[in-house]
Amino acid sequence: MGFIVAGNILLQCVIGGAAVSRSWTSYFATLLNPQPNDFRIVAHSLSPDYRYLDPIAIVVLAIISVMAVMSTKGSSIFNYIATIIHIAFLLFIIIAGLTKADTKNYSDFAPFGARGIFQASAVLFFADLGFDVISTMAEETKNPGRDIPIGLIGSMTIVTLVYCLLAMTLCLMQPYKDIDVDAPFSVAFEAVGLGWAKYIVAAGGLKGKTTVLLAAAVGQARYLTHIARTHLMPPCLAIVNEKTGTPLNATVVMLAATAVIAFFTSLGILSNLLSISSLFILMLVAIGLLVRRYYVSGVTTTANHIKFVVFLALILGSSIATAIYWASSDGWIGYAVTLPIRLLSTTGLWLFFHRPGYQKFGAYHWYHGCRHYQLPSTFSFLGL
């Protein structure tokens, strides 16, 4: 399981970097007025989702690789300055966009209903990824016990708020049917008569994506370094350069893999793969929590071991069945079967499989039972 999780983490990093680098090309094209695919090489012999080759993305990733291996301090200073500039760009987009807001664009609110909202959330799940990269910098932080939690909670709160404001602004500027996939804000500003603003937005988008690529390059190299230290990857990838203090080999390998994927894969394919990979990782982590907390080798009896496997299989099976029914039917009868099975199997795990040395204390035990069983099983359900 550890190898599978490690592989999915690396896959998530590679796909995420490839998606951002291809998006960088789209914004660059918008800044210079041509269509996004005008800067890409068309290979007609390939499938439509893979025929637009993107050499600009490779050049950008090569430059990012050089910056990432120079020094962590230099990268941090660049990111600090770039973040301040990016905040100014975001404020401009929100304020300027709201001056052209039209509430009529909200008249058909949630046109695809609850199902459409959940389907879109599954695809856009990758927008909330990357926060865990902060934890990979613990070795290079002066006070990780204080700084890492502040960085995680603070960044998640700010980014979530900004995402909501930007989404609200975009939908007020333009009907959802007219939103451009490659460069939404640039096209939206041009559509509402602020053609000059699209260049500012495109420049801000380029700067923001460059910052994201650099931060990702620094973080994903540390991921590969830590994985190599556990011998799940070749030990040479765990070597830290004495002169720069950065994992040179890991940085180059990760960005080279990212460049290969970014060269030919479309953004739509990348976003779907990224969301699937991320949800799969969260599911495995949730399962790992259950196994780690309630199975102790040499202590857990064979009977309890069997019960644990049965209940866990029921949780996973009902989750998979719910996902299949969601994708293939608009009815509700299937949920009336799968959801009670999941609830009963989770409750059975709580009632009949006790943690070694863990006693029941009424309401106190009920609270901790929900926390220890329901939450991990819920996350495994959402992952599936």
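Residue numbers in this text run from 1 along the chain shown.
Glycine residues also receive a Cβ, built from the backbone N, Cα and C atoms like all the rest.
Predicted automatically and left uncurated, TrEMBL annotations should be read as such.
Over in TrEMBL, the protein carries these features:
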TRANSMEM  52-70  transmembrane segment
TRANSMEM  77-97  transmembrane segment
TRANSMEM  117-138  transmembrane segment
TRANSMEM  150-176  transmembrane segment
TRANSMEM  248-270  transmembrane segment
TRANSMEM  276-296  transmembrane segment
TRANSMEM  308-326  transmembrane segment
TRANSMEM  332-353  transmembrane segment
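Remark: the transmembrane segment (52-70) makes no contact with the transmembrane segment (308-326), by the rule of 3 or more CB pairs under 8 A.
Sequence-distant contacts of the transmembrane segment (248-270) (same chain, six or more residues past either end, CB-CB distance under 8 Å): 10, 13-15, 17-19, 21-23, 26, 43, 46, 49-55, 57-58, 61-62, 64-65, 68-69, 181-182, 217-218, 220-222, 224-225, 228, 236-241.
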